[in-house]
């Protein structure tokens, strides 16, 4: 059984949180740098729409960075795929730490600037991600499992691109929007649904190797994220491919 160490490695205790702190500051700066890049049409739509555009752009930056990085981690260190509990590389540990910083920043950004139902749903998601990734970052266990979870960000690239198009008022029948819609659904099935399904199976199969606390945290967090993903999938499927009315309205 892979028990959580009673004494967390000093190097990891400093290295992980420092990387997360740098990431937090980095995404805060990115949000500021996005101000002069905000489209005029978005600025005219009001403060909330302007904030949403910048927040989504920031999320897109994170998705591009971590989605590609997660795939490269397994390419650079294939042995990690054979042992998702104890095997990891410096790069994969850094990836998880950077993501912790981003999710904390995005949680705070929504809490301070966008207290609406959609944001509360995302904050619940971020809360569980920070708990699970934070455990992984500090103990240097389950890093591989966390990197598998970050493969979901490949789909998030197209999810955020879709949201940006909607914010800017792009017609849903536009060729660019339709192409992104197809890529979004395709990557949603492969990188989100299948990945989360595989993660659920892995957790069940390796139950005896995971301590009760980590298993419970992982199970609850995964259940919440799977449920949210299924609901999101059908919302997008209906809006972009089924409902004609949905295709013509802004979300």
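Positions of Cβ are set from backbone N, Cα and C atoms, glycine also.
Whatever TrEMBL says is automated annotation, not expert-curated.
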According to TrEMBL, which stretch among 60-78, 79-97 corresponds to the feature transmembrane segment?
60-78
Any residues 6+ beyond the ends of the transmembrane segment (60-78) with a Cβ under 8 Å from its own?
27, 30, 87-89, 91-92, 95, 98-99, 102, 106, 147-148, 150-151, 153-157, 159-161, 164, 191
Any residues 6+ beyond the ends of the transmembrane segment (181-200) with a Cβ under 8 Å from its own?
67, 145, 148-149, 151-155, 157-159, 161-162, 172, 222, 225-226, 229-230, 233, 236-237, 240-241
Mean pLDDT for the domain 'TLC' (48-242), rounded to an integer?
95
For the transmembrane segment (212-237), give me same-chain residues lying six or more residues beyond its boundaries with a C-beta closer than 8 angstroms to one of its C-beta atoms, as numbers and ranges.
4, 121, 124-125, 128-129, 131-132, 135, 141-142, 145, 159, 162, 184-185, 188, 192-193, 196-197, 199-200, 203
